[in-house]
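**Student:** The annotation Zn(2+) 1 binding site is assigned in Swiss-Prot to C5, C8, C21, C24. The zinc finger annotation in Swiss-Prot covers 5-24, 62-102. Residues annotated as Zn(2+) 2 binding site in Swiss-Prot, with sequence analysis given as evidence: C66, C69, C94, C97.
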Amino acid sequence: MVEFCPKCNNIMLPKNGRLKCTVCGFEEELGNRTEEYELKEKIEAKKQEVTVIEDVDTLPTTRIECPSCGNMEASWWLQQTRCADEPETRFYKCKKCGHTWREYD
């Protein structure tokens, strides 16, 4: 069985009774599922270029609720994060607290 990270959608690998994301570091307890997971081969994660948006004042804004603070205004941008035949991912950054989250179409 393959598990994917709920934060960044990359594959999670079993390690010391836990599942760990190789990209963002998210961890999840395996509990009684340890026998389901056995690492057969280790494959190095592919490096991915990340665009850092620092000046959000130049980005378009929209009315959407921030899941962190409840503010109703965020800057947004699109980025191709998956295969070219799949839609772009929309990212939001709260204008009040700076929390960043993504939305898939």
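Positions of Cβ are set from backbone N, Cα and C atoms, glycine also.
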**Student:** If I take every residue in the zinc finger (62-102) and average their pLDDT values, what number comes out?
**Tutor:** 91
**Student:** Within its own chain, what residues at least 6 apart in sequence put their Cβ under 8 Å from the Cβ of C97 (Zn(2+) 2 binding site), listed in sequence order?
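**Tutor:** Set apart from C97 (Zn(2+) 2 binding site) by at least 6 residues yet with Cβ under 8 Å, we have C66, S68, C69, N71.
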**Student:** Check each residue in the chain of C94 (Zn(2+) 2 binding site) that is at least six apart in sequence and keep those whose C-beta is under 8 Å from its C-beta; list them in sequence order.
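**Tutor:** Result: C66, S68, C69, N71, E73, A74, T100.
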**Student:** Relative to the Cβ position of C69 (Zn(2+) 2 binding site), how many further Cβ atoms are located within 10 Å?
**Tutor:** 11
**Student:** Count the Cβ atoms, other than its own, that fall within 10 Å of the Cβ of C5 (Zn(2+) 1 binding site), considering every protein chain shown.
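**Tutor:** A 10 Å sphere around the Cβ of C5 (Zn(2+) 1 binding site) contains 19 other Cβ atoms.
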**Student:** Counting across all protein chains present, how many other Cβ atoms fall within 10 Å of the Cβ of C21 (Zn(2+) 1 binding site)?
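**Tutor:** Excluding its own Cβ, C21 (Zn(2+) 1 binding site) sees 21 Cβ atoms within 10 Å.
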**Student:** With every protein chain in view, what's the tally of Cβ atoms within 10 Å of the Cβ of C8 (Zn(2+) 1 binding site), excluding that atom itself?
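**Tutor:** Excluding its own Cβ, the number within 10 Å is 16.
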**Student:** Here are some binding-site residues: C24, C66. Which one has the most Cβ atoms within 10 Å of its Cβ?
**Tutor:** C66
**Student:** I need the neighbours of the Zn(2+) 1 site defined by C5, C8, C21, C24. Which other residues of that chain put their C-beta within 8 angstroms of the C-beta centroid, in sequence order?
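**Tutor:** In sequence order, the nearby non-listed residues are P6, K7, N9, N10, M12, T22, V23, G25, F26.
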